[in-house]
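Asks: Sequence annotations record features per position, and here Swiss-Prot assigns signal peptide to 1-23 based on sequence analysis. If you look up Swiss-Prot, you'll see 31-450, 39-445, 230-233 marked as disulfide bond. The annotation N-linked glycosylation site is assigned in Swiss-Prot to 46, 53, 428, 489 on the grounds of sequence analysis. Swiss-Prot lists 64, 165, 210, 211, 351, 418, 467, 474, 475, 483 with the feature beta-D-glucoside binding site. Taken from Swiss-Prot, the feature active site, nucleophile covers 418, and the record attributes it to sequence analysis.
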């Protein structure tokens, strides 16, 4: 009989991990094993190499583009104003791209790019100022999103809606600590149901969470994101416990919401619901070291498996349960059944692959270091891939992680909900330089070629969303990193200009 993949021994899992890591090393538009993996001719490589029903889109999120006008405070508002030093340029999303007023201009950019879909998020505090239904619904916020969704549909663009993209209403943080409390599960589910009721007749793709790993580790592991909690942080915290609590409550909120949608709305609204996870891949620093091979596997389990294992198998990875012990919450049998299989599709945000090497036990308990792995982008001074201002990117890792998920997580229907690269802007970049973003063209083209290869390998991928539609507020980096295919003047956000990458993507999709 076949052994369920969830029950494989650690040794077999490590072997599978290394086999995937050492194969599919090269990607190009023809999927042939030759260097370089990047696209030599971006004019020849276009969407015709993908299935006709494959979805191409662009992505943003509410806090990063809308501005704070006409909505109640969320955690990012409070955090950036109380701790401006946490952001390099001491900025906030108070104005950002002013998409609250300029949403029609946003749709024009999407239309010009020839995309079929737009991934956006709803600002929880814009529709529920008090964070919960009993505090009342802001009908102006509902109207804003109705107008945006209707504008998208009128232009033939399918909305993919993220319900929660890290912007917890500040009232819920103040009242009970946000995702530290199980109380948020009910409030989140009620909020999600409001969205299903008001927008579900037109929205057919729902994403419950964006990268729950990031909220847990950055918000509660090192305090670099709201609410700024960690061991030793001004606001207090416990980096060895709270990230696991927050992750657990996010999973329960997701699962309860999916159950509700499936029972009450899916049949007559005809939509799908899933979630988006961080899609980071890892390679052993020393490919001949068994310790480093195991470290790469642990890194995946602590970054991705932390959430994907419960969603597919109903429990946390074995290695996490062994290493974290009673600091890792347990699912009750009922919770396990609720979480298991709570995906119509998987959203994956892929940006980087890192080298992993075995590390000694940390001196202080922290979810960020519990895996006992040291990560980096260089081996003997040589970068793993292409050096960019924001990080080092490695497109073949894209193919590798998709194959690993195919082989170990039942090959779920998958959408690449984010992929891209940033340019650094410290206020000294000319407009001409900003618009000539040929490096971004190379980034997207090379990743798309590797994605095409992964699909030929049998990976069940149905869509790709470029991050981002336009330059925006990049959370902990403020306005110093620009990921957009369209340039934005942040002192006058109505001033937007198409970058070379935007023109390239438009041509890529026009074929």
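Placement of Cβ uses the backbone N, Cα and C atoms for every residue, glycine included.
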Asks: Could you measure the widest C-alpha to C-alpha distance across 64, 165, 210, 211, 351, 418, 467, 474, 475, 483, the residues recorded as binding beta-D-glucoside, and give it to a whole number of angstrom?
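Replies: Site span for beta-D-glucoside, by Cα atoms: 18 Å.
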Asks: Let me know the DSSP-derived helix, strand or coil state of residue 475 (beta-D-glucoside binding site), please.
Replies: helix
Asks: Tell me whether residue 233 (disulfide bond) sits in a helix, a strand or coil according to DSSP.
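Replies: In the DSSP reduction, residue 233 (disulfide bond) maps to coil.
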Asks: Taking DSSP three-state, what's residue 445 (disulfide bond) in: helix, strand or coil?
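Replies: Going by the DSSP assignment, residue 445 (disulfide bond) falls within a helical segment, counted as helix.
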Asks: In whole Å, note down how far the CA of residue 64 (beta-D-glucoside binding site) lies from the CA of residue 53 (N-linked glycosylation site).
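Replies: Cα of residue 53 (N-linked glycosylation site) to Cα of residue 64 (beta-D-glucoside binding site) measures 29 Å after rounding.
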Asks: If you count Cβ atoms within 10 Å of the Cβ of residue 53 (N-linked glycosylation site), leaving out that atom itself, what do you get?
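Replies: There are 8 such Cβ atoms around residue 53 (N-linked glycosylation site).
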Asks: Could you measure between residue 233 (disulfide bond) and residue 475 (beta-D-glucoside binding site) for me? Cα positions, answer in whole angstrom.
Replies: 19
Asks: Translate the DSSP assignment of residue 64 (beta-D-glucoside binding site) into the three-state scheme.
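Replies: DSSP assigns residue 64 (beta-D-glucoside binding site) to helix.
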Asks: Measuring CB to CB from residue 489 (N-linked glycosylation site), give everything in the same chain under 8 Å that is also at least six residues away in sequence.
Replies: 495, 496
Asks: Of the recorded positions 64, 210, 230, 475, which sits closest to residue 450 (disulfide bond) by Cα distance?
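Replies: Result for residue 450 (disulfide bond): the nearest of the recorded positions is 210.
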Asks: For residue 210 (beta-D-glucoside binding site), which of the three DSSP-derived states applies: helix, strand, or coil?
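Replies: Assignment for residue 210 (beta-D-glucoside binding site) reads strand.
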Asks: Quick one: give me the count of other CB atoms within 10 A of the CB of residue 233 (disulfide bond).
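Replies: Cβ-Cβ neighbours of residue 233 (disulfide bond) within 10 Å number 16.
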Asks: Cβ neighbours within 10 Å, counted over all protein chains: which one of the recorded positions 210, 428 has the most?
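Replies: Max Cβ neighbours within 10 Å, all protein chains included: 210.
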Asks: I'd like the number of other C-beta atoms within 10 A of the C-beta of residue 475 (beta-D-glucoside binding site), please.
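Replies: If we count other Cβ atoms within 10 Å of residue 475 (beta-D-glucoside binding site), we arrive at 22.
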Asks: Looking at the recorded positions listed here (230, 418, 428, 445), whose Cα lies nearest to that of residue 210 (beta-D-glucoside binding site)?
Replies: 418
